[in-house]
Amino acid sequence: MQNASPIVLRCVQSSTYSEEGELPGATNTQATPTDEVLFQVESSGENDKPFYIECEAIGEPAPKYYWIKNGKKFEWQTYDDRISQQTGRGTLSISKPSDVDLGQYQCFAENQYGIANIELYGWPKPTVHWMYFYTNGGFKTINSSRMTLDPEGNLCSTSTTKYEYKYGNRVLLNVISSGVSAAQNKREPERQYVTRKNEVAYRGKQSELYCIYGGTMKENTLVKLVTVSGVQIILHQLERVRYVNKSIKSGVLTSSIIAAVPYFIKEPERANKAEDETVEFVCEAGGFPEPAIKWIHNGKPISEAPDNPRREVYKNKIIIRDLVKNDTGNYGCNATNSLGYVYKDVYVNVLSLAPEITEAPRDTQVVDNQDVNMTCKVLGAPNPIIKWIHNGKELTGGRYEIQENGDLLIRSVQFDHKGNYTCYAENKLGNTSASARLDVKRHTYITDGPENYEVEARRPATFRCNAVADETLNLEILWLKDDQPIDFDGEPRFVKTTDYSLTITKTIELDSGLYTCLAKTELDEVAAKAQLTVQDVPNPPSMKSVKCNVKDATISWTPMGDNRSPILYYIIQYNTSFTPEEWKDAYSHVPAAEMTYNIPPQPLGELHFPLCETKPEVPHKNPDNVKGEGDRPDNLVITWTPMPQIEHNAPGFKYRIYWKRDIPGKDYGEPKEIMDYRVDRYVVPNQPSFQQYRIKVVAANEMGDASVSPPEVIGPTTALLSWNPVPLDTVRGHFKGYKIKTWSDTSLNFKEIQVQEETRRLWSPISTLTLKTTLKCTFSITSTMVLPSETLSFDTPEGKPGEMQDLEAIPLGSSAFLLLWEKPDKPNGILTGYNIYYAEVDSSLKVDQQVPRNPQIKDPNKKSAKLGGLKPGTKYRIYISANTSVGESPQKFFIERQTKPVGLYPPSPPRFEYDVKKVGQTASVIVHWLPSQSGNPGSQFFVKYRKKGQSEYLKTEHEKNEDFLVVSGLEPATAYEFIVTSVDGDHYADSDPQEVNTYDVDGPTIKVSENVATAGWFIGMMLAIAFLLLLLIIVCIFKRNRGGKYAVHEREQANGRHDYPDEGGFHEYSQPLDNKSHGRASMGSEPKIGPESDTDSMAEYGDGDTGRFTEDGSFIGQYVPSNMKQLGNSGALQGANNNAMATYV
């Protein structure tokens, strides 16, 4: 049977449109047009402006069009060539609009299945212009606040001036002068135009209410935009105006009625249905007055449609049950009130189709843990039932989800999901199927991704990246910077090595950014990102201003960039008129947050930043480094650092030296004045030995003493050594003095002091002592061989430790660091531990308050600790200081490090060791966490344990700051199973379980369980056994080969013996061959009888003693004891033939 459809009417408001594929047997209005079409009528001197009345319908067979205008059939062909209809469409084209074209137009499209229609209005739009036209022929457009155009096109003027005319009908407006000034010419308001009292405003439209008054009033009109129930209303209100000697006048306001043409709240929708199904059309409309809804069937009111008992018609909906083929048709919803109407065409298309797969599934490859969608698009009516079959089994639930469109969605694919998949579609008219194969590959993952990196400029930076992919896929590793591929050819500093690492040979600040390692295959890709921060020295700050004040100079500057390394401080330098080429530090540690600073210029100096000249003043400081020592028993040497000229502040500079004995109530005496500023010492003679003094040095000039009080210094602070002189008559040689040698118990570095004086000098100082040290010294005479004196020992007092110089932080996961340090170079006493602090550094480089680590380090021998509980991806400043009993290091050493981002990689499985301890009647296990040395070690850990044989584990709290944890309260004499879990963010990794046995509390203490293969005692034992085996092998080889080393034949020939037979072989070892011989056989080819025994041969050399030779084969019988038994009588050769030769090896 041929497919057919009723008409679908399409009304478009432009010249182009898109059309979707339609099923046969359908009717619908594609778009609802506007209810008005405005056109402009041709007038003299203007170009033609054609307009179009759009109408288009679709259907099978193709529809025929006709038009109705103002209720009568419109024969557009009678309008010669001014009106035409587009080919294949119902659209009318009116090339030369005229007033006769005004009216109501209806387009009808008809085929054998129904009629669709649409209605429009065409209105000619009037144009009204007002202009000034002067008597002299000139004119101009009106642009005056006194002129207002009312909705009917009338021009209203609140007041007039001369030479104003109305152009159109050329009505002359003659303005007569009142004879008074404009300021005195007052007229009461006179109403010219007011919107009628009951103005109708339409929903969605703009409505203007006019209130125009004449008279000499204030030009202060309030314009307010109000939205009421979706209606925009412009209100023109006349403000109250006060006139001289007259009462207040007010304007008149009109009221408006808000109305609305019908509009759809819920539009009916077209439907494609199968037989025996139900279709429902819903139509809800709003408007004011409330619209009435009428249903249309195939272009006629529903009341005139053929009776259908399966059709139910309600006010706002139509329901048709148990559809049959003949129910195919067009339905329309018309909502009408007194202001207009709204109309929507829909259709029901009753189909009867066997299932047809329009888009079959295709063979697909996917990696595990991904979602995959297998396509199966099916067309059929009634709607087919779709099933999916995998390897012969129907799929239901779980990871499988059959979509409404028939596709199969498999969530988080696993390897057992691979195989053949069949899409099976069935309805009452038939069935069909299509199959495809799904292959599951291993997903790609990064085993060693790049990590955040900070590097100094001009140094290399390397990012590493290793990935693993399915062996059947091609793995490609790409590098991106800020999500853009890196051009290795265009930038030779970027090098991609054979192991996929990225190296930047000479970094610059612009290399900073986010670097991405992208591991990619044909099926998937995975990325790991890391931040590169290239730190360079900061750019020089820009000097904004220098303000020279009376007693100081205010400097302002602007930082020009820190080049990604936080500015720690600023250095302010200056030079003076005394040293114009030398720049000195005025302040070397100006806080980084400061942008202005006050510098106190020195009087009599010119500070060049820029030139600031100062007036003479007293010195602003006193000399530094004032000390009091003695180089003789009877003097006091006062030293200081000379003050440069820039600090003199006025002419007549001098030092005033004060000193006194450190006796309560004693006053300073007359000072000693030194006029040369370059002098750095003064010697006070004739002072008692080994006394303590109070000393101060004051700077002064012709303006007076320094403006600050000098500090009092107590001295001397050195050790004084005394000794008994050596009598000169005991000195063998020229006496040149004494030599003092000193050292400490912590260092064997000797220091020598030469005392080049006469023998009557009885003491000498030792300075620069190390705190809390046992110092040792000896005395000796220079240039003699006299032995030194006995060693003298004394202790220095304890002080605070010096600043530490070494600290490193290794990231542990994303929220912890492993801290490593070395002891301070100057402990200045007995160390009692270390203090560790940390503080966050925010994005503006502001350092938060220091937080102490809990607990602090109490073991002075410990050189590492874990700092946990930190925030991931956060920069921290980490401080460390040492402690003695006196206190903490005055200056904390610090570094800045950033924790890793959270959740990038799971931690690697850890290992652990343990000790079992007895605590009362229970046992405790001390678990030592041994994080992985490769990969991600994790930030913290906890312990899971259970009795052996139980199913549930008990868990401890997470340990964040230590690498050990105590599990207490365990039952004695019980077997437990322990697991240590490393944690990093939301990722966990368990160790291999270990069995832990707790003996009875009276039993032994279990030491740490360790693998025998890695135990130290086992390795040592194996090495010892290997060494003994090697030694045994060497001895055996030596014993096996030593007999051939002794050349007895040559020795006897050298001593005159030549009676050996001519046969070959080794004659000295030859012996008869018989079956009873147990000695060593001759190496010759024939049996031989030896000419003599070994005794005869030895008698010639051994003084008749045949047994005296050593085991190396030489005849040295004179050194062998005479009572040594002959070897022939030994048990080793019993039973041997008498003619056998005895061989010694």
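Note: Cβ is positioned from N, Cα and C throughout, glycine not excepted.
Per TrEMBL, the features are as follows:
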- 1056-1066: compositional bias 'Basic and acidic residues' (COMPBIAS)
- 33-111: domain 'Ig-like' (DOMAIN)
- 262-349: domain 'Ig-like' (DOMAIN)
- 355-439: domain 'Ig-like' (DOMAIN)
- 444-533: domain 'Ig-like' (DOMAIN)
- 622-722: domain 'Fibronectin type-III' (DOMAIN)
- 800-902: domain 'Fibronectin type-III' (DOMAIN)
- 906-1004: domain 'Fibronectin type-III' (DOMAIN)
- 1056-1104: region 'Disordered' (REGION)
- 1015-1038: transmembrane segment (TRANSMEM)
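Each of 262-349, 622-722, 800-902 was scored by its Cβ pairs under 8 Å to the domain 'Ig-like' (444-533), and the highest score goes to 800-902.
Where the domain 'Ig-like' (355-439) meets the stretches 262-349, 622-722, 800-902, 906-1004, the count of C-beta pairs under 8 angstroms peaks at 262-349. Only residues 6 or more beyond the boundaries of the transmembrane segment (1015-1038), in the same chain, are considered here, and none has a CB under 8 A from a CB of the stretch. Broken down by DSSP into helix, strand and coil, the domain 'Ig-like' (262-349) contains 6 helix, 52 strand, 30 coil. Taking H, G and I as helix, E and B as strand and the rest as coil, DSSP gives the domain 'Fibronectin type-III' (622-722) the counts 3 helix, 45 strand, 53 coil.
The average pLDDT for the domain 'Fibronectin type-III' (906-1004) in the predicted structure is 85.
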